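Below is one structure, written out as structure tokens, with a few remarks after it.
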Amino acid sequence: MPLKRYSAEAFGVLTICLVALLVLLGLVCIAYLLYVRSRVLRQGFIQLSYFNGPCIIRITFILFTIWWGFGEIIRLNFLRRQGRVLNALNLKWQENICKFYIVSNLGFAEPCMFLTLVFLLRAPLQNIDTGILSRKWNGKTASYVILYCLPVFVLQLILILIAPELRKDRRELSPYFTRVVVRVMQNSDDIALCTYPLLNTILLGLFAIILTTYLFWLGRRILQLIINRGLQKRVYTLIFSVLSLLQLRVVLLGLSVLSKPEQFMFEALTFSAFLAQLFCAGVCICILVCYPVKDCLALRNLHDLEARRRAFLDVQNDTVSLIPHQSHPEGSTGISSERSFDASTSPVALVQLCRFSPS
């Protein structure tokens, strides 16, 4: 079914608006993280070091997400129509942008996003001194993410570079296996519309299978150690979202080869794949960034509350000590309540309780 003009514009405008909202959410979260980090370092809350440790990796995850979002914008065929931004470029540059998108998003941004997610989830299982609380943890983790992403990036780049040779040498190979762009004539003007080569999608699918298998095993280990139901719900939501939406995106991109870019079915499938990845990224940002920062602020408020309570109890004990001959059953009650408070709601206890949160 041919794609109507207003349908193409609707998909394009909606994609740009959703990416803008994602970028706005990411920038707000980065500002929030930097604010909390500065407060923790300035006021010297040692109990909050565990939450503050992976701050740089959380910001890195958001930056990978923003990178992916901008890649989805330059992919849009909507921007290649007559009078749009990318239509001013010649045909060769339009094709190069499509190739850059495949290598950048499918070969770098998306793998780095999910690898960063894995390392953030894996952090609570590591030794505290050599893990999150180590000053070198952020640098090592960033290096490992780039290192593990490198094979996928190189393979995606090789598939893009050797695609013309594959089409020449193996004419029996269907074009959609290696086709990056489709050239169409519009108002006496040639434009290049981006597609998803099936070989590159298969490579992304293999990466998704390996990642989700490890993530499922990692999630089971974490859930066995969590004692807080709220944290369990977060981990369940995160694992289920990644396992289902990542696989769904790969399937939708694979099905997109059955139609051409100028058809409605192609745009609907690619937009659905975009929505799957967008929703997955939003869930990850909320659970891996927003909730840990919220817990950090709650813990800081609890620290202040405990300090005020201790100061009040010290004053009360000094007052009681001025009356040596009077029995005070209420005093013993106050002491027992103080012990109960210390044992159940102290910041140190809460940090131990939240150690296995997805931070």
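For all residues, glycine too, the Cβ spot is worked out from N, Cα and C.
It should be emphasised that the depicted structure is a prediction, and the values quoted were computed from it without experimental measurement.
So that you can see what the record holds, here are the features copied from TrEMBL:
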- 12-36: transmembrane segment (TRANSMEM)
- 48-70: transmembrane segment (TRANSMEM)
- 100-121: transmembrane segment (TRANSMEM)
- 142-163: transmembrane segment (TRANSMEM)
- 198-217: transmembrane segment (TRANSMEM)
- 238-259: transmembrane segment (TRANSMEM)
- 271-293: transmembrane segment (TRANSMEM)
So, taking each listed stretch (12-36, 198-217, 238-259) in turn and counting its Cβ pairs to the transmembrane segment (100-121) that are under 8 angstroms, which one gives the highest count?
198-217
Counting only pairs 6 or more apart in sequence, are there at least 3 Cβ pairs under 8 Å between the transmembrane segment (12-36) and the transmembrane segment (238-259)?
no
Given a Cβ distance threshold of under 8 angstroms, which distant residues of the chain, six or more beyond its ends, lie next to the transmembrane segment (271-293)?
11, 14-15, 18-19, 22, 25-26, 29, 32-33, 36, 51, 58, 61-62, 65, 68-69, 72, 110, 113, 117, 120, 234, 237-238, 241-242, 245-246, 248-249, 252-253, 256, 357-359
